[in-house]
Amino acid sequence: MISIERLSKTYPQGGLPMVALEEVSLEIPTGSVFGIVGRSGAGKSTLIRCLNLLERPTSGRIQVDGRELTTLSDRELRLQRQNIGMIFQNFHLLHSRNVWDNIAVGLEIIGMPKAQRQQRVAELLDLVGLSDKAYAFPSQLSGGQKQRVGIARALAAKPSYLLSDEATSALDPETTASILALLSDINRQLGLTIVLITHELDVVKSICDNAALLETGRVVETGAIADLLSDPLSRLGRSLLPTCGPLSVSATPRAELTFFDTLAASPVLSALAQQHAVGVTLLGGGVEFIGGQRVGRLHVDFNRPEGGLNLAEVLQFLNDRGVRAELI
């Protein structure tokens, strides 16, 4: 687990320091794909560079698996960084070396014997789908292939954590999808914890199971994707799964329904109609695949039965069956 406690980072700038991060606190669960989303200038890249002390924070604590990074000696920090791989937007490949050597260079630096190094590079090339490009040079690769080399290189020392700093922002949508699918596979196969910086909500939708929203150096909200989507006040949840748009004025009670994964709303609504004699009119909505699960959001009108409508019972009936219902 990565635990960040009251992390701040300021830069000297004339009379007043520039505040890049202010009192940031986060818990990143082991094995998760954690997205940190925000606009340009929000402090995302500064935060991720603090996680392996490429940027040293001005104050605060960073614990990785219980070890406080800011108190480590230079030697201890070098060893700790072997457990934290990192990929970047601009790949940072050595253009004078082929794919094989770009992956092997980090293993050479840490002194891995040649036979082990060769075996490890071959494993990584197979993992990222580049076995046929082992002796190609960066100039001969597409953007997606270059990023796959970057991923292989980041995984060379078998880290437990992978930091991704806008790693797909320079790629086209199709290539982005393939890189995200690869990262998702790596997360599942290796149990790797991935911390992913992005300004694109589609990236969070595609791969993340936890997320945080960063604005002007502060964490505005954070949580599991399912919890954010279930929270009617969550800005991130609303952005990931927008509402159905403006609706006409209605004289009947109206609700927003949110449901998850394999749960289908229609059988629940049918049961509601049968047990409570409530007519349900579907106004709009949709289903998307977010955070590895199907999520649906519907707007409905409840038509009053002859005997009247007990809204509290109706909402409780839906919530008891896993459909979050809120009057709108």
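Placed from the backbone N, Cα and C atoms, the Cβ positions cover glycine too.
What Swiss-Prot says about this protein:
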BINDING   GLY38, ARG39, SER40, GLY41, ALA42, GLY43, LYS44, SER45  ATP binding site
DOMAIN    2-241  domain 'ABC transporter'
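With the fewest other C-beta atoms within 10 Å around its C-beta, GLY41 stands out among the binding-site residues GLY38, GLY41, GLY43. In the predicted structure, the domain 'ABC transporter' (2-241) carries a mean pLDDT of 94. For the binding-site residues SER40, SER45, the largest tally of other C-beta atoms within 10 A is found at SER45. In this structure, the binding-site residues ARG39, LYS44 were compared by how many other Cβ atoms lie within 10 Å of their Cβ, and the smallest count belongs to ARG39. Shown in sequence order, LEU214, GLU215, THR216, GLY217 are the residues of the chain, 6+ apart in sequence, with a C-beta less than 8 angstroms from the C-beta of ALA42 (ATP binding site).
Excluding GLY38, ARG39, SER40, GLY41, ALA42, GLY43, LYS44, SER45 themselves, the residues of that chain whose CB lies within 8 A of the CB mean position for the ATP site are, in sequence, HIS199, LEU214.
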